[in-house]
Each structure stands twice: as structure tokens, then as C-alpha cells.
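Database features, via TrEMBL:
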type	residues	note
TRANSMEM	58-77	transmembrane segment
DOMAIN	394-552	domain 'SSD'
TRANSMEM	395-414	transmembrane segment
TRANSMEM	426-451	transmembrane segment
TRANSMEM	457-479	transmembrane segment
TRANSMEM	500-521	transmembrane segment
TRANSMEM	527-552	transmembrane segment
TRANSMEM	687-707	transmembrane segment
TRANSMEM	964-984	transmembrane segment
TRANSMEM	991-1010	transmembrane segment
TRANSMEM	1016-1041	transmembrane segment
TRANSMEM	1087-1114	transmembrane segment
REGION	1175-1207	region 'Disordered'
Amino acid sequence: MARRPPLGELPPDYTPPAGSAAPQILAGSLKAPLWLRAYFQGLLFSLGCRIQRHCGKVLFLGLLAFGALALGLRVAIIETDLEQLWVEVGSRVSQELQYTKEKLGEEAAYTSQMLIQTPRQEGENVLTPEALRLHLQAALTASKVQVSLYGKSWDLNKICYKSGVPLIENGMIERMIEKLFPCVILTPLDCFWEGAKLQGGSAYLPGRPDIQWTNLDPEQLLEELGPFASLEGFRELLAKAQVGQAYVGRPCLNPDDPHCPPSAPNHHSRQAPRVAQELSGGCHGFSHKFMHWQEELLLGGMARSPQGQLLRAEALQSTFLLMSPRQLYEHFRGDYQTHDIGWSEEQAGTVLQAWQRRFVQLAQEALPENASQQIHAFSSATLDDILQAFSEVSAARVAGGYLLMLAYACVTMLRWDCAQSQGAVGLAGVLLVALAVASGLGLCALLGIAFNAATTQVLPFLALGIGVDDIFLLAHAFAEAPPGTPLQERMGECLLRTGPSVALTSINNMAAFFMAALVPIPALRAFSLQAAIVVGCNFAAVMLVFPAVLSLDLHRRHCQRLDVLCCFSSPCSARVIQILPQELADRTVPVGIAHLTATVHAFAHCDSSSQHVITSLPPQAHLVPPPSDPLSSELFSPGGSTRDLLGQEEGTRQKAAYKSLPCARWTLAHFARHQFAPLLLQSRAKAVVLVLFGALLGLSLYGATLVQDGLALTDVVPRGTKEHAFLSAQLRYFSLYEVALVTQGGFDYAHAQRALFDLHQRFSSLKAVLPPPATQAPRTWLHYYRNWLQGIQAAFDQDWASGRITRHSYRNGSEDGALAYKLLIQTGDAREPLDFSQLTTRKLVDTEGLVPPELFYVGLTVWVSSDPLGLAASQANFYPPPPEWLHDKYDTTGENLRIPAAQPLEFAQFPFLLRGLQKTEDFVEAIEGARAACAEAGQAGVRAYPSGSPFLFWEQYLGLRRCFLLAVCILLVCTFLVCALLLLNPWTAGLIVLVLAVMTVELFGIMGFLGIKLSAIPVVILVASVGIGVEFTVHVALGFLTTQGSRNLRAARALEHTFAPVTDGAVSTLLGLLMLAGSNFDFIVRYFFVVLTVLTLLGLLHGLVLLPVLLSILGPPPEVVQMYKESPEALRPPAPRAGGLRWGLSPTLPQSFARVTTSMTVALHPPPLPGAYIHPASDEPPWSPAATPAANGSSNLTSRGPCPAPE
């Protein structure tokens, strides 16, 4: 059989063998698993030895590689676009959004800036003239905003969105309309004359004061201009739009205003209007037909009488619409005002953002502090600013977190004994993890993975906490190297013992984050991929570079240098550690013993001339039995007490001894060995633990039922800010969302009109859809188009009946009658486009309310060109857009009779308003209803989909829980396979997965009690919790699996060796997360800091309390059972080794030597972990008294020369 290793080369936990051969009895059929693990550990041992041998080179190359990757941060891109962050890649919403962008472009038609007014006193009525006047003050201040950029002044009238500006052939009227045409402002002030004050346009006519909406009466103006210009078409346009007297015919909020027009209903009575009555039913812009603002858009918190009359309201809202950057750029492109500034779309966006920020600022400051009302302002630029601030890296918090971790690592690893202190190792380890995190993020940037708020706000701290865990584990294992381990093999031995644990935890963490990438939200998928890559970089740094740091620190300790201040020699070099000898009454070694101690006397001689230390030991050794043990003699305490002896014997000089305090010897491992494990592994304690954790699991199952879906914008915006106040008021009073029902191409609109009407009807019947007023037709292009055709058909019928239009002439008819004439003769046939016989045989709209298919696209061209206000109000957004065609009633060439047909439509939309959407359940119900309506239309051949923010950001909740369960189940299976593969023990892997599943359920339940809603972000953390939980469980499981004895003993020994690194890892993780608590965003605190802190505490409890109890009850049997008896060979000291201490007797001591005598206890540890590396036995003969040379007394002495420098 193979020869047993000498005493000095035994690895940790070595148990003396039985007889001279030390037979090993494998439990069951575990030879293959042990062999595979031994092979893997052998590779790690070789890796560690090579790293130690070339530690300088490895450290330099490792830092160089990680530093190069960290430079990739220079090309990092931070994504703040909500659509890019939250819309599921490849989903139907993503495909629909892409289709919309292909047809309409990247931007919306307009952007909204909003003012919400609420009373300072809760529940106060705002439907009073005083409250409306305060609202006017704020809105007027905001509407007068001007910003100066690029040498130009930009006001609201230049950048606002104007709906449906008509094309007029009369140049004078066209220029006047261009200057006067009003901005689209949805405000309750439009019910009053004061609404005109928000419109800033003006025009000049000779002999009249400046024309503004405050003094413009369109009917009177047309009468005055009638004799000078042909305005019949324009007059009909205004009549169709029901403009009337515009604003001057509306009551004045303040009838005492000197500018209140005489045409105002209350101008003469000087009585304040009844606000509730005027606002009942909503308000109108300058066009009563096309600009109707419903009550729900203007008033919040309304209360009505039993008869339905509006009595009171608690909030007012005004909305200013601005052009998009693209529209603003197109509007001023080639204009004389911008020709000298290199006008671009980017400049247009800058102008809009500057105006929006100024708008919000002035609106919020418009009312005095003592006013009874308060104004909340918000714009799209405000949201962009929030997202930008949310995504910025807080250098102070990052630096604070890493400095705190540096301090903790240094303090926890410092020791009074300089030879055992590892403060510098702790500092270097944290800095190395920081570099690994930076390199991982740099690699992500190089791979094109965009950063987002989760990356910048959370990942640096989470990765720091996770990465430092393995640093502590390696440092603990390296400090507890087996006695007698050759200096050149210390790192190999460390990786042999801890490498499997580090590999297992890192692989599981990476697998967890890769599984979390199954969540289809781009922001969370990017975060998960980045976290997995960062964990991989941490793994590489811990396994390749940090061992080089430990090797260099070993060189420092070997050279007796100070910790941290390694340039100075250590005063501890003169210290001798004495372990008091203990007597053994019986030399018989009991079977199953795990510790043997041999007591010898060591003599240290210091040669002042050669600066060498020579140690000699007499050939006397005693076996010391273990003391009594709280776990029925299965867990052993260290033998003897420790004393520091610092003395020098000169002649008969007395020795000086100093006894250390007990608190100086206390460590987490000591606590786990002597207090925690004995208490935890008692039968009664086990029962209590199982009952308590069972109760926690049951409580968590109940808490899981309390978890609601959702993530409101108010959860993201910092509390206490003006933005949060606005969003809270909007959510409470104006929970309205603009959506659209988009119809695609791929079917014939002309023949699918009935299906389109049915689709609109089904969508309108949804519970969440705000119905139009009973007196108003549905606001869709198909209804407007049909109604317009019916209107011109009626005009034609009248003109035909009166003889103003005949078969051969329409010049005497009305404008509408002439339009109908031209449409009625169209055939839709390119070869014979006109047929005059159809004038009396067909109608533009049949009895079923449908447009004849052959006339559909020709009529669409005429409607789009002739009814701009109706087209703008319908928000149809046709693609391809119908061609422009100008109607000329007096054209005599006949060319005007040929009307180009519009191309088949590929995109059109019906606008809707959704209301009452407060909870996620409301959104889900509305989305499901809309999808069902589109599916029914699909069966009729109409391809359609809903569009709008509820469908972009809330559709994820339709399958979020299913995706969560799928990801967790897949990850648990993957964790089981990884653990079973690396541990080679499915039994242990199953227990680990059981504990991880329990942890996930408990974390989910605690979220319910904390009021944390389920969204994609908590789902990622829940999925990642499986991987993070491995950090707390696998070390204990591996320690249990690779020890011998009963289950209680193995659980206790596993706790002894893993309690300290696991606890340090948990504390380091908490310290890494602590900086998240200082975030300005409550969202970061609640959804990341709180959840991850709870996860860490749960992991600590389950890893160090529940799992050891389960292992002590249900743990797998030991893989190796060793039986041995006392053997004289076991008592032999190690054979001499070059470069080490020689064990021998010095018969004579030269007078030039100073001598220090002390007693030492040499521990004989249990056998190595199964599969661990065993040092080969020396070829030299074992030491014995007979082998002591007599001729040369120096032959049994060795000296330690200068420390060799590592490569």
C-alpha cells in the first residue's frame, strides 16, 4: 500500500491512520465521485502552486487585463428612453411599436405640458371664480414663457401644436390665419372669455387695432372683409367648424375686467358666472365641433347631484400641446428666421426642452405661498430629467460604499499577531473586486449592452457585496493552512480546499442572473446580463489574481514584515507562542478520534553573528487525549491555553511570561465551535428551529397572496419633490390615458367599412373607454369622413333641386355642392374616370352608411384636402398620406374634375381615452378587452392592434407571473444540476435546492407584507435570490459532505469552518447594500435595498441555522469512513526537508547562543478531505532517537536564511 505521509506534511483535519497503512473504507459506491472531486481539486492545487510560484507575474498580468477591460467604460451608453427600457424585445408590443415607427416615424405628433391645480385644504371646492382666476394666473404666466437660444426668441405661439391649419388661396387671409391660428390648449378656462388670453397670436389690418383672440369676432370680421375679398369658402369652413363668435361670446370670469367684450353674456350684468354650470359637459376651443374638451380632461374629484348635475370638483387641469422636435424642425426649415443658424432637428429639440423646463419653473412659482390653491406642473422634459437623474452614477455613494468595505475588510482581518494579520490582504481584495466590477462593466460596454438606472444605481454595490464574500472565504482558508504544509504549496492547498466552493457559488450566481435574463424587459435583461458578466469577472479575479495577492502576503509574513506597512520589520518576530502541555494517562488512541496532540519542548537559539534562528527539539512526545465535549465527545475543543512568552535566557536569568485576555482569543469560529453548534444541534433546539422556520414559511405563503402587480411612476420619483406631488395628484384626479386603435395594411379598407365600424363599436363598449358625449359623434376619421360626405351630398341635393347645379354645370352651386358633383361622377376606372350619368343614380353614402368602394379612396383625397379641422380632430395619421388636391369651383378647363385616388391605406387609427385605471388589475382588464376586440376583428379580416402607454408598459403583467415561475423553476433545476455535478452528491444538491426554494417563497411573502408590488424589477431580484442564496448554503453543505463522523459531528464541523466566512460575507454584502439606503430615490431604497437586505438576512438564517439542522437530520452518509489504531509510526516526526526546520536533539549548546525554551503542542489533524491532495512521503528515513548523529551536533540543526523573493 501507499506509504502514509510524514507528520509534518499532513493536510488539515488529518486523523492518524489505523496501523501503518491507514486503510480507507469508502461509504457505498462513492469511488467515482470522490475520484472526480479529487481530480478537480488536484487541478486547483496545481493552479494554486503555479500562481504562488509566479505570483508577481500573475498579479501584473491580471491587473493589466482587468484595467484594459475597465477602459471599456469610456464607450458606455446610458439608455433613458422608456420604450427602449420597458418594451419587451420581440414581443407583439415591440412589433406593433416598430410598425408604427415605420409608418409614422420615431416621434409622437405632439408633447404635453400639464398644470394641475389643487386646494391646499383637502376636499375644498375649486369650482369658484376665485379658484379659476388663480388658475388663469398660473396658466397665463406659463403661456408667456420665452427662451432665447441661437440668437432667437422662442415663445409658445412659435412652438405650440396647431391642429388643422386650413389652406386658403387668398393670400391676405392665409397670412392672417397663420398668425392667428390658435394653439391647442385643453383648459377649463376655455369655457370663459379669459381662455383667449392664453393664445398669443395677433394680426394687423389697416384701420383696425391689433387683432387678437381676446377681441376677435370671426363672424363680424368676415362681414367687414366681404366686400374686399371672396371669402365664401373660408366662411363655409368656419361654419362647418362651428366657430361662431369664438371667445368673445363666452362669459367673463371677471366681468369687471376692462377688456371684457360687450358680447360676453355677463358683460352688462357684471355678475360672476356660475362656474359649475359653465363647466358642466366640458369646454370647447375656438371650434365647437372639433375642439371639445370633456369634463374628465379638465376636472378631477367631481361630485354630482342625484340628477347628474355637476356640483363641485377638487382639481383643475390645463394641458398645453407642443410640436415634436421633428415637426418644429420641418416648420422652420427654410424659414427666414432660422436660415442663419444652421437649423437642425437637434436644435429644435434643445429649444423645446429649454422652453419646457422654464414652463414648469414659472408655473410652479406663479402663485404666492399663502394662496389657497397650489399648482403642480409637469412636462415631458421633466420626465426625461427624472430618468437622467435616476440613471446617473452617484460618485459619492460609490466611493462611500467602497471605502466602508475597505475599512471593514481591513479591520476584520487585522490581528494583534503580525504573523497572522491580513489587513493588507483585505484592502487589496476589496480593491481587486472594485477593479473586477469596473472591468466587467467595461466588458459589457464593449459588447454593446446599454446601461440603465439599475446598472448605475445598484449593480456596483451588489457586485461588491457578492464579490467580497469569496475574498473572505479564501483569506480565512489561507490563514488556517494545515500545520506543516510546505511553504511553496500553501496557495495550492488553499485553492484545493476552497476552490470548489468558490466555483460552485460563482457558477450558480452567473446561472441565476442568466436565468433572470429570461425576463423579457430590456432594462432588466441588460441588468441581469451585466450582473452575470460582472460575477464572472469577480470569479476570475478571485481564482486567478487574488491568490497572487495572498502569495505575496505569505512572503511578507515569512520575512516578518508588518501588515499593511510591509516595509517595516515586525516586532512580533521575537515572540514565541506556547501551548501548555497536557498529560495523557493512557497511550491507547480510541477509535474515531479526530485530534491528536504531541507535546514537545523546542529550543530556539539566536546566533547574533549570523542572524540565524536554530530550533532543536528533544526526542520526547506525548499523546494528549481530547477534553470533554458538549456534543457527546464528537466535537473537540482545542487543547491547552495560549500564552505569549517573550523572553531571553542569559545564564540563570528568569523568563517573563504574559497571559493574553480571553476576549483576544474570541473569533467567529470559536463561537461557532463552542457556543453556536452545541446549542443548535441539540434535539430540542432542532425541533424549535424546524417549527419556527415552518411558521415563517406558512406566514410567507399568506404574504404571497398579498403581493400585487404593478409599478407606478410615483414609486420611481423621489418623494417630497414637486414632480412626485404632480404625479400623485394626476394619479388621484386625472387617471386618463390617450390610446389609439391602429388598423394596419393587408386588407381592403373600402370593402371592410362595416368591420371597421364594428371594431370601433366593440372597443368603445369596453369598461375603461371614456364614451363621448351623447350629443357628439364618435371622434374617428371614418365617422368624420362619412358625415362630411353626407353633408356635401345634402348640399348637392339642395343645389340640384333648386337648379343651381345641373348635369353640365356646378358653378352656380355652393362649394359643398360642387365638391359633391365632382365626387359623384368619379368611376374609379383609370380608362373612363368620369360618368356624368351617376349624378342622380348614386349617393356618396348608401343607406347602410357605407361609402361606395369605388369612391372610397377618391373621396378620401377630397376630404383630407377640404376638411383640415376634421382630419386633425380625428387624429387619423394616414399612411400613405392621401395626395393634396385643391378644389377650384371656377375652373373651366375640366382638369379639376380629375381627382387622384389615395393609395390603399397601410396605417390609420381611432383615438380613445381610457379612464379609471388606478390599479394594475384595471390596466390588465383593459388590455385584455382591447386585445379581444382586435382578435374578433381579425376574424373579420381587419388587422388591428391597440397602441398607447398602457399597452407599452403594462402588457408585461399579462405574463409576468408565469415568466417568473418559469425562470425560478428552470433556475432551481439548473442549480440542482450544477450542485450535483460539482458536489457529485444529488442528495446534498437536493437539500440545497430545497432551502433555496424556501428562501424564495419567504422573500416573496415578505414583499407582500412590506407592500412591495411585483414588477419586472422584483422578479429579477427573486430569480437572482436563488443564485445569491447559494453563497450562504453551499459552503456549509460542502463542509458537511467532506467530513467524517456522525451527522451531528459533521454539521458541527461544517459550521466551525464556514461560520466565519459566511458571516463575513453576509456583513460585506450588507455593507455593500448600505449605500443604497442613502439614495434619493425611494424606489431604490424599497425595491433594491430593502429586498436585497431581507434576502441577505434570510440567506444567513437559512445557511447557518436551517441547513445545518436539516443536514444533521436528513444529510447524506459520509463518503469516507476511516478506522485506525495507535501505531508507533504515527508518532514519528517528519523526515527532514531542505529549507525547513529539522526535528532533532542538540546535545551541546555553544555559549554564544541565547536560548529560549518553550513547550509546544503539535496537532495531528484528521485525514484530508476526500480527494484532497496528499503530500508524498519523503525518501529520507523517519526520525528516531537512534538516528541522531553523534559526531556532528550541527547535523540535526537547520537555519532559515534570507527570504526568497517570489517571481
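Glycine is treated like the rest: Cβ placed from N, Cα and C.
Scored on C-beta pairs under 8 angstroms, the neighbour of the transmembrane segment (991-1010) with the top count among 58-77, 395-414, 687-707, 964-984 is 687-707. Tertiary proximity for the transmembrane segment (395-414) is limited to same-chain residues at least six positions away from its ends with a CB under 8 Å from its CB atoms, namely 421-427, 429-431, 434, 460-461, 464, 468, 471-472, 475, 563-564, 1064, 1067-1068, 1071-1072, 1074-1075, 1078-1079. Same-chain residues lying 6+ beyond the ends of the transmembrane segment (527-552) with a Cβ under 8 Å from its Cβ atoms: 47-48, 51-52, 55-56, 58-59, 62-63, 66, 69, 425, 428-429, 432-433, 435-437, 439-441, 443-444, 447, 449, 451-452, 454-455, 458-459, 462-463, 466-467, 470-471, 474-475, 478, 490-491, 494-495, 499, 502-503, 506-507, 509-510, 513-514, 516-517, 519, 1020, 1023-1024, 1206. Through the fold, the transmembrane segment (426-451) approaches residues 63, 65-79, 84, 391, 402, 405-406, 409-410, 412-414, 459-460, 463-464, 467-468, 471-472, 475, 526, 529-530, 533-538, 540-542, 545-546, 549, 564 of its own chain, all at least 6 residues removed from its boundaries and within a Cβ separation under 8 Å. Contact between the transmembrane segment (500-521) and the transmembrane segment (1016-1041) is supported by 3 or more Cβ pairs under 8 Å, counting only residues 6 or more apart in sequence. If you take every residue in the domain 'SSD' (394-552) and average the pLDDT, you get 82.
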